[in-house]
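Structure first, then comments.
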Amino acid sequence: MLARALLLCAAVVCGAANPCCSHPCQNRGVCMSVGFDQYKCDCTRTGFYGENCTTPEFLTRIKLLLKPTPDTVHYILTHFKGVWNIVNKISFLRNMIMRYVLTSRSHLIESPPTYNVHYSYKSWEAFSNLSYYTRALPPVPDDCPTPMGVKGRKELPDSKEVVKKVLLRRKFIPDPQGTNLMFAFFAQHFTHQFFKTDIERGPAFTKGKNHGVDLSHVYGESLERQHNRRLFKDGKMKYQMINGEMYPPTVKDTQVEMIYPPHIPEHLKFAVGQEVFGLVPGLMMYATIWLREHNRVCDVLKQEHPEWGDEQLFQTSRLILIGETIKIVIEDYVQHLSGYHFKLKFDPELLFNQQFQYQNRIAAEFNTLYHWHPLLPDVFQIDGQEYNYQQFIYNNSVLLEHGVTQFVESFTRQIAGRVAGRRNLPAAVEKVSKASLDQSREMKYQSFNEYRKRFLLKPYESFEELTGEKEMAAELEALYGDIDAMELYPALLVEKPAPDAIFGETMVEAGAPFSLKGLMGNPICSPEYWKPSTFGGEVGFKIINTASIQSLICSNVKGCPFTSFSVQDAHLTKTVTINASSSHSGLDDINPTVLLKERSTEL
C-alpha cells in the first residue's frame, strides 16, 4: 500500500492526469487506469502478485534464486574454452544448450504483438495493422507531466547537444573483439530487409510488411519491383557482365526506382532490391554477391530439376537463400558478436517440440537498438588506398575499379569501431544520429531503465553505474538530471561494455530476443516447411545446411578470398590517401537532401 501511495502521490504532485504515468506495474504487469486517479496492475501469468506485481510466487522465487546474472552467464560462455570444446562435440549437450538459448530469448518477445505508437493498450488494430512497427513497451501516455512519465525534467535536452556532448567521436576507438567492415556492411545490408521506415507517414510506420527475413532487399519489396529485376528465364535475376564478372543491371535497363543524386552517370546507377543501397559501395558489394548467389543456385536447381519452369526455380532459390541467410546470421554473425566459446547452431528441429509461434513483428525499439553507426571508420581502406566519406558515398565506380575480390579482402582486414562505451559516433552520421533521437522522442519511448526491466535486467541507480566512469556520467547528469529519465538510444551507446566486448549488457540482453525470434520465427523454420522437398530436394537442403560467410564468398567471388567477421591481425597496414580532405566528411558534403529523402536514420 505504501508503494502505491507514493506512486500516486508522485503523479498527483507532478500534475499527472494518468495514474499509469509512473509505470507502477513491475515484472511485465499491465497497468490499467481506473477512473482518473487510480490504477490496477494485471499480474496474470507474470509469476508475481500484489498491487504492483512485486511479490514473487513460490516457483518464481525458486527460479530467481537459481538463475545466474547475465554477467555470470557471459563470463561462463566466454571462458573455459577447453570445456566448451568438449561440449561442442557432444551433440545432445550442444542441442540442449542451444534449445535453451533459443527458447529463453525468444519467449521474451510477445507473440502475437501487443502495442504500437498509437495504441498503448491491446487492440485489434495494433495486432492486425502491419504498416506499424510493434512496440516492446507501450508509449508513455500523452498526459504525463514529463516525457518519461513522472521522472526527469519537463523537457528533454536538445538532441543536437546530446549527440555532440556524449556520442560524437573524438578519436576512433577500434572494437576490441576485432569486428571488421565485412561485418559492418553485412549488418547494414541484412537489416534493411525489415528496417524500412515509412518516413512520409512517420517513424512508427514501416514499408516492410513481411516483418522479417524475406530477402526483399535482394528481390524487392513489391511484386512490380521484383518483376522488373527478373529475367523470367531459368529463375534468374537480371544482371550485366563487367570485366568478366556479374554485377547488378542498371536503373535504365530495369526501370527500377533507386535513390541516386542526379549527377551520378547512368552506367553507375545499379538497380537492386533495396532502393537505398546505392548509397555505399559496401552495400552494393553484398547486393552483388547475393545476386550472384541467387543465379548460381538457379543453375544448381535447373540441373537437378530440368522439368521445372522459371517460376518454381525462382521461388525455390529464394527460399534457399533465406535459409542460407539465417544460417550465416546465427552461426557466423551472432556467433562473432557473442564472443562465446559455445558454438551456436542453426537447427529448426530443436524447436519442433516446443511452444513456438512461426510469426514475427519488427519492433520500433529493435530498429533503434540496431543503430550501430560507431562501427563505421573514419576512412575506408581498399587495396592500399583510403577513401573518405565524400569519396565513398554514392560511388559505385570504386567497386568496379577495385572489384569484389579486393573489397572482400580489404574489408576483412579493416577493423570496425566499438559500439558501446566512450564517444565513437563518426561525424559523417551526426545528423542521422540526431534524427534517430528525435524520432524515438516522437514515438514516446519509455526510459532506458524501463527497457532494462522489460528485459529482466536490474535498473541502473546512477549515471556512473551506467557508464562505468565519472566524466561521461557528469555530462549525462547535467543533461538529464535523473537516471530514470535517461533515453534508450544514447544510453545504449554510452553504456559500459563488457570487458573486451563491442556492446554493453543492455544491447545484448534486449537485442538477442528480437534477433532470435525474428530468425527462428521465419516460416521456413516451421515443421511444415523445414524438409528437403521445400528446397528442391537434398541438393538445395545441403546448400542451406553447409552455408557460411566463407562458402558464400567462395561460391561467388573470384579467387575465393579468405573472409570472416573479425580481423585476423589487429595491426592495420599503412595506406595512401587519395585526394582526401584533412577534415571528416559530414552529411553536408554528400547532398543531405538526397540522403535524408528516405530512411536516413537506418543507414
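The backbone N, Cα and C atoms fix where each Cβ goes, and this holds for glycine too.
Per Swiss-Prot, the feature active site, proton acceptor maps to His192.
Under DSSP, Tyr370 (active site, for cyclooxygenase activity) is assigned to coil, being neither helix nor strand in the three-state scheme. The annotation active site, for cyclooxygenase activity is assigned in Swiss-Prot to Tyr370.
Cβ neighbour count for Arg105 (substrate binding site) (all protein chains, 10 Å cutoff from its Cβ): 19. Annotation comment: Swiss-Prot describes Arg105, Tyr340 as substrate binding site.
Residues annotated as heme b binding site in Swiss-Prot: His373. Every protein chain considered, the tally of other Cβ atoms within 10 Å of the Cβ of His373 (heme b binding site) stands at 23.
What Swiss-Prot lists as disulfide bond is Cys20-Cys31 (among others). Within the same chain, residues at least 6 positions away in sequence whose Cβ sits under 8 Å from that of Cys31 (disulfide bond) are Pro19, Cys20, His23, Pro24, Cys25, Tyr39, Lys40, Cys41, Asp42.
Marked as disulfide bond by Swiss-Prot: Cys21-Cys144 (among others).
Within 10 Å of the C-beta of Cys41 (disulfide bond) there are 23 other C-beta atoms, taking all protein chains into account. Annotation comment: Swiss-Prot describes Cys25-Cys41 (among others) as disulfide bond, evidence class similarity to another entry.
Same-chain residues at least 6 positions away in sequence with a Cβ under 8 Å from that of Cys53 (disulfide bond) are, in sequence order, Cys25, Gln26, Asn27, Arg28, Gly29, Cys41, Cys43, Thr46. Summarising the annotation, Swiss-Prot assigns disulfide bond to Cys43-Cys53 (among others) and lists similarity to another entry as the type of evidence.
Per Swiss-Prot, disulfide bond is recorded for Cys554-Cys560 (among others). Under DSSP, Cys560 (disulfide bond) is assigned to coil, being neither helix nor strand in the three-state scheme. Taking all protein chains in view, 14 other C-beta atoms sit within 10 angstroms of the C-beta of Cys560 (disulfide bond).
For Asn52 (N-linked glycosylation site), the number of other Cβ atoms no farther than 10 Å from its own Cβ, over all displayed protein chains, is 20. The N-linked glycosylation site annotation in Swiss-Prot covers Asn52 (among others) and is backed by sequence analysis.
Long-range Cβ proximity for Asn129 (N-linked glycosylation site), meaning a same-chain Cβ under 8 A and a gap of 6 or more residues, is found for Asn116. Secondary structure at Asn129 (N-linked glycosylation site), as computed by DSSP, is coil. The feature N-linked glycosylation site is assigned by Swiss-Prot to Asn129 (among others).
If you draw a 10 Å sphere around the CB of Asn395 (N-linked glycosylation site), it holds 20 other CB atoms from the protein chains shown. Sequence annotations record features per position, and here Swiss-Prot assigns N-linked glycosylation site to Asn395 (among others).
Feature annotation from Swiss-Prot assigns N-linked glycosylation site to Asn579 (among others).
Annotated S-nitrosocysteine per Swiss-Prot: Cys525, in sequence order. Counting every protein chain shown, the number of other Cβ atoms lying within 10 Å of the Cβ of Cys525 (S-nitrosocysteine) is 23. Taken residue by residue with DSSP, Cys525 (S-nitrosocysteine) is part of a helix.
Summarising the annotation, Swiss-Prot assigns O-acetylserine to Ser564 and lists similarity to another entry as the type of evidence. For Ser564 (O-acetylserine), the same-chain residues lying six or more positions away in sequence with a CB closer than 8 A to its CB are Asn180, Met182, Asp332, His336, Thr412, Ile549, Gln550.
The feature signal peptide is assigned by Swiss-Prot to 1-16.
The closest partner of His192 (active site, proton acceptor) among the recorded positions, by CA position, is His373; the full candidate set was Cys21, His373, Asn395, Cys525, Cys554. Here the candidates are the recorded positions Arg105, Cys144, Cys560. The one whose C-alpha lies nearest to that of His373 (heme b binding site) is Arg105. Cα of Asn395 (N-linked glycosylation site) to Cα of Cys560 (disulfide bond): a distance of 25 Å.
A simple way to gauge crowding: the CB of Tyr370 (active site, for cyclooxygenase activity) has 19 other CB atoms within 10 angstroms, across all the protein chains here. In this structure, Cys41 (disulfide bond) is part of a beta strand by DSSP. Between Cys560 (disulfide bond) and Arg105 (substrate binding site), the C-alpha separation comes to 35 Å. Counting only the Cα atoms, the space from Cys554 (disulfide bond) to Tyr340 (substrate binding site) is about 26 angstrom. Cys144 (disulfide bond) has Tyr370 as its nearest neighbour among the recorded positions Tyr340, Tyr370, Cys525, going by CA to CA distance. The two recorded residues Cys21 (disulfide bond) and Asn52 (N-linked glycosylation site) have their Cα atoms spaced 14 Å from each other.
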